[in-house]
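Okay, structure first, notes after.
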């Protein structure tokens, strides 16, 4: 069980470092824009030492990612702040949701998480975060994500989190 102090430190770092990672425009319209110029997406191997996304069903990710991290190093460093939330097991799709943003599968066009996936994870995790006086981060506002009738990543698990 995570101590209150460790959780407070985690969330303080998380929101301090990641609060402005994604603009508030719906569906991230500036994705792939670096300094106002488009950056050609590249496919890279997901590092084995990236604990947030270890064990996911694919090995290549797209950069820049959906949180506008331009380098693998940046994506890896920023993802480390979310591992404690994953360890809380507040929703069984937490890893799926976070990895769809930090390590999006390498396809020609990005596939975003569906709004329902975001809402399900938020519903399971937001109360746990509020226990430590942290709100759901603006960078993960669910209204930014597409509805389920669009091509997007949907909720996979509807039951309670596993052990």
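Placement of Cβ uses the backbone N, Cα and C atoms for every residue, glycine included.
What TrEMBL records for this protein:
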- 1-24: signal peptide (SIGNAL)
- 38-155: domain 'FZ' (DOMAIN)
- 53-99: disulfide bond (DISULFID)
- 118-142: disulfide bond (DISULFID)
Per-residue Cβ crowding (10 Å cut-off), top of disulfide-bonded residues 99, 142: 99
Segment confidence, the domain 'FZ' (38-155), expressed as mean pLDDT: 93
Residues that sit under 8 angstroms from residue 53 (disulfide bond) by C-beta distance, when 6+ apart in the chain: 46, 61, 79, 95, 98, 99, 102, 103
For residue 142 (disulfide bond): DSSP state (helix, strand, coil): helix
For the domain 'FZ' (38-155), the number of residues DSSP places in helix, strand and coil: 49 helix, 12 strand, 57 coil
